[in-house]
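Listed features, source TrEMBL:
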- 200-381: domain 'Malic enzyme N-terminal' (DOMAIN)
- Y223: active site, proton donor (ACT_SITE)
- R276, N531, N575: (S)-malate binding site (BINDING)
- K294: active site, proton acceptor (ACT_SITE)
- E366, D367, D390: divalent metal cation binding site (BINDING)
- 391-644: domain 'Malic enzyme NAD-binding' (DOMAIN)
Amino acid sequence: MGNGVHSWHLLKQVASYNLFKQSRTLSRTSIPIIMISATRCTFLGCSGLGGSGNICGGQRRGYGPWRVTCMSPINDRNGSVVNVMETPLKEIKKEAVVEDVDDNPISGGGPRDVYGEDKATEDHFVTPWSVSVASGYTLLRDPHFNKGLAFTEKERDAHYLRGLLPPTTIPQETQVRKMIQHIRQYQVPLQRYMAMMDLQERNERLFYKLLIDHVEELLPIVYTPTVGEACQKYGDIFMRPQGLYISLKEKGRIQEVLRNWPEKNIQVIVVTDGERILGLGDLGCQGMGIPVGKLSLYTALGGVRPSACLPITIDVGTNNERLLNDELYIGLKQRRATGQEYSELMHEFMTAVKQTYGEKVLIQFEDFANHNAFDLLEKYRSTHLVFNDDIQGTASVVLAGLVAALKLVGGNLADHKFLFLGAGEAGTGIAELIALETSKQTNAPLDEVRKNIWLVDSKGLIVSSRKESLQHFKKPWAHEHEPVKNLLDAVNKIKPTVLIGTSGQGSAFTKEVVEAMASINEKPIILSLSNPTSQSECTAEEAYTWTQGRAIFASGSPFSPVEYKGKVFVPGQANNAYIFPGFGLGLIMSGTIRVHDDLLLAASEALAEQVSEENFEKGLIFPPFTNIRKISAHIAAKVAAKAYELGLATRLPQPKDLVKFAESCMYTPAYRSYR
């Protein structure tokens, strides 16, 4: 017996010595037990009484995988501790060291548990002590280590899995075939999404193996467009939390919240405030589906370890009336915080992230509204490693597609004229990166090359006469021209060679608009980039049909191949997933501390180089996703090389072969063998 300090000292000795040193000599009935009195709560090792794992069997010392989690000591009224004993269970019962569960009266639907929870009332606190080891029943429910039926005979013996699994052993490749058949049974995309998320919670490595092996089929499920529907219905399908939720309630305590996340070595954070989810608007706290989906792709496509990824939602309320009135809505039911209150919360978050995870953690802003997206990127790009996928990632992938398309239409970027429908973060981000690349190629001033890039917003063509009323990020694109109210008139007057849609307005590229592009250009480049599919400015079939098969087309969401007059056209997908996984890997493996625009240009060049002649023959200006991990490795290498060139990389010395180094850094989801 002793005080709380004595209890804690004894517990440390137990954890480091007694539980493992003599475990080889124990019989199956000789069970070490830790008991700490805290309102008569106890630790039970190996007994299985409290749902804890078996940590004492033969050949346990030095074996993995295992985890031990202990709470700090608590001085209860008795302040007592019972010595650890290696005694057969029947002898323990005789000496009354612990109450015999079998001899206790039935309570709460079953035998009274030794933690005292069945005796507790709503006013009676219990202590959730936990000793968990990834073995036996616990191992099968740990998604990081679970292998399902792939556990070998030896592993089943070593980790107490006998009887907990059917006798058949199935390799991971067979599990993948089984799971893809299971996923295909669902006709509704949202059901497939839910099945994939359920698999991720059960068997992490199988989830990523399945996603990598069937990336073209499953990418639209775990990412756009299905993830958009998942966010809309997140409150209905919410089963268990994924990622961290930081709301206004946590203001002043954000660093404490970050420390609640179990993984400490975080390399990538994807964060959203849910105000502009895809083209669906304000979905508030339900926007969590976006960070979760993005980080799944960081791992599957870019090879970043799952444990190094952290999805975060900043909940400052929502202005969506439907959600505010929905009893199943999982977020704060209040109007969005703005102004100083919002800025203070975000600044505390950014400061806490840097203090907790260091200088080199990548923070990716995702689906913030325009006014916040630009401000946050500008405010923190000089102090943090920040990246906005909507502004910079979209721009990089579209620029890559345009560079590839020039091989089909001829000329350089400076020879073409660009017209955008949509002047938000995506549109202006793409326009700026095109201007930067054009300036780099021609050595012309930015202001000069911008004159070939025109934007149309909700009020019409952006021209100089509107400059005083424009938001700051639109002003560089206000050129001298008479006012033009609609897109069709803008096409006829500007005569662009490239038409790019980032408006979020479905069917905005009408037949008249597309036909006008076809009358001006032999091979019009038409990029309909808005997500999800319902918001796409036009479909692939419309683009090919209305241009008599002459269009070079790509979209944000996937479209099926189109047959026109005996020829099959395969529409490309200008998907950010081409860029951000490899881009992030390049930053991580080089230890880059800031994102420079030249890194984005390097990523675009690397992606454009991966488009083959075979792809061009099908009308593709992007490579197929089947090779995405190889593509990501090349992008990572190019980005890292540029970071070293600019002096932004901190991981020295620079590897000789950056492509091979990138491939060696990539996480692979093959099962590990357990001793």
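From the backbone N, Cα and C atoms, a Cβ is placed for every residue, glycine too.
Between the recorded positions R276, K294, the minimum number of other C-beta atoms within 10 Å of a residue's C-beta occurs at R276. Within 10 Å of D367 (divalent metal cation binding site), judged by CA to CA distance, lie the following recorded positions from the set Y223, R276, N531: R276. Other Cβ atoms within 10 Å of the Cβ of E366 (divalent metal cation binding site), summed over all protein chains shown, number 27. When the binding-site residues R276, E366, D390, N531, N575 are ranked by how far their Cα is from the Cα of K294 (active site, proton acceptor), E366 comes first.
Cβ neighbours within 10 Å of D367 (divalent metal cation binding site), excluding its own Cβ and spanning all shown chains: 26. Within 10 Å of the C-beta of D390 (divalent metal cation binding site) we count 23 further C-beta atoms, all protein chains included.
Around Y223 (active site, proton donor), the same-chain residues six or more apart in sequence whose CB sits under 8 Å from its CB are G293, K294, S296, L297, N575, A577, listed in sequence order. If you take the C-beta of N531 ((S)-malate binding site) and look for same-chain residues 6 or more apart in sequence within under 8 angstroms, you find T224, P225, G228, L278, G279, G556, S557. For the pair D390 (divalent metal cation binding site) and R276 ((S)-malate binding site), the C-alpha distance works out to 10 angstrom. Between the CA atoms of R276 ((S)-malate binding site) and E366 (divalent metal cation binding site) there is a gap of 9 Å, rounded to the nearest whole number.
For N575 ((S)-malate binding site), the count of additional Cβ atoms within 10 Å of its Cβ stands at 26 [all protein chains shown]. One way to see the shell of the divalent metal cation site is to take the Cβ centroid of E366, D367, D390; the remaining same-chain residues with a Cβ within 8 Å of it are T272, R276, I277, I290, F365, F368, A373, N388, D389.
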